[in-house]
Amino acid sequence: MASPAETRTPVRSRASIAARTLRTDRWWVPPLLTTLGLATFVIYAGIRSFMRTGYWDAEYHYLTPFYSPCLSDSCLPGSAHFGTPIGELPGFIPLAFLSLPFLLGFRLTCYYYRKAYYRSIWFSPPACAVAEPHAKYTGETRLPLIVQNAHRYFFYVAFLITLINTYDAIVAFRGGFGLGNLILVGNVVLLWCYTLSCHSCRHVTGGRLKHFSKNPVRYWIWTQVSRLNTRHMQFAWLTLGTLVLTDLYVWLVSTDVISDLRFIN
Ligand code: FES
C-alpha cells in the first residue's frame with residue numbers, strides 16, 4: 001500500500017517559459033474597457049455631487065439620485081423628502097454625503113467590477129495563462145483587498161438607498177406625469193434589478209441553508225434572485241447608464257436647458 005507521502009498530489013510550479021504569455025489574443029481589452037467605464041462613471045458622479053446645482057426641479061418634483069437623500073438645511077426647498085435633521089453643510093461636503101460613500105463602495109466592491117480591475121489594474125491574476133507580477137497570491141486576505149469582504153454590508157445599505165430612490169420616483173408624480181417620471185421609474189426598476197441580482201443578495205436569501213425543501217419560501221426567493229444574478233453584468237452596465245441619464249435629464253430640465261415632455265400636468 002502506498003504511503004501518504006507517495007499519494008500526495010505533487011506541487012506544481014509554473015512552467016519555466018521566458019515569455020510573459022503565449023496568448024496572442026487581446027485578452028486585456030475587455031477588463032480595461034470595463035474599468036474605464038466604471039472610472040468615467042465615478043468621475044462624473046463625483047463632479048456632479050459637488051456642484052449643488054441642477055439636482056432638483058421644484059415644478060415637477062424631480063430629484064436626481066446623486067443628491068438623495070438630501071437631509072440638510074443646505075438642500076433646496078422641497079428636495080428634502082425626509083426632513084432636514086442636519087444643519088447647513090459647507091460647500092466641500094456633498095449634500096448626499098450619507099449615501100454616496102456606500103453607493104461607491106457597493107460599486108467598487110461588486111464582484112463584476114472586481115474581476116475587471118483585478119485583471120486590468122491589479123494584475124492578480126491578469127488573465128488565464130498570463131503570469132502575474134506579484135511574487136505571491138494572497139487573494140483578499142490582506143489590505144487593501146481585504147476591504148472587498150465588506151461588500152455584503154454595502155449591499156445592506158444599497159438596498160435601503162434603493163428604497164429611498166423608489167420613494168423619490170413615486171413622490172415625483174405629485175408634479176404630474178412627464179418623460180422625467182418615466183426616466184426616474186426606469187432607473188429605479190433597473191437599480192432594483194442590479195441590487196437584487198447581487199451575489200450577496202443570493203447569500204442573504206439562500207445561504208447557510210442545509211435543506212431547501214424545509215425552507216420553500218426562501219428557496220423560491222433564492223431561485224428568483226439567482227435568475228436575476230445571471231444578468232448581473234448587464235444590470236451593472238445598464239444602471240451606470242441610467243444613473244447618468246437620470247441625473248443629466250434632471251440637470252437639464254431644472255436649469256431650463258430643455259423642457260420636460262409632459263403627458264399629464
Ligand atoms: Fe455586484 Fe454585489 S453588486 S456582486
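Positions of Cβ are set from backbone N, Cα and C atoms, glycine also.
Note that TrEMBL annotation is computational and uncurated.
Copied over from TrEMBL, here are the features:
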{"type": "TRANSMEM", "residues": "27-47", "note": "transmembrane segment"}
{"type": "TRANSMEM", "residues": "92-113", "note": "transmembrane segment"}
{"type": "TRANSMEM", "residues": "153-173", "note": "transmembrane segment"}
{"type": "TRANSMEM", "residues": "179-198", "note": "transmembrane segment"}
{"type": "TRANSMEM", "residues": "235-253", "note": "transmembrane segment"}
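Pairs of Cβ atoms less than 8 Å apart link the transmembrane segment (153-173) most often to 179-198, out of 27-47, 92-113, 179-198, 235-253. Tertiary proximity for the transmembrane segment (27-47) is limited to same-chain residues at least six positions away from its ends with a CB under 8 Å from its CB atoms, namely 21, 66, 100, 104, 107-108, 112-113, 115-121, 126-128, 130, 237, 240, 243-244, 247.
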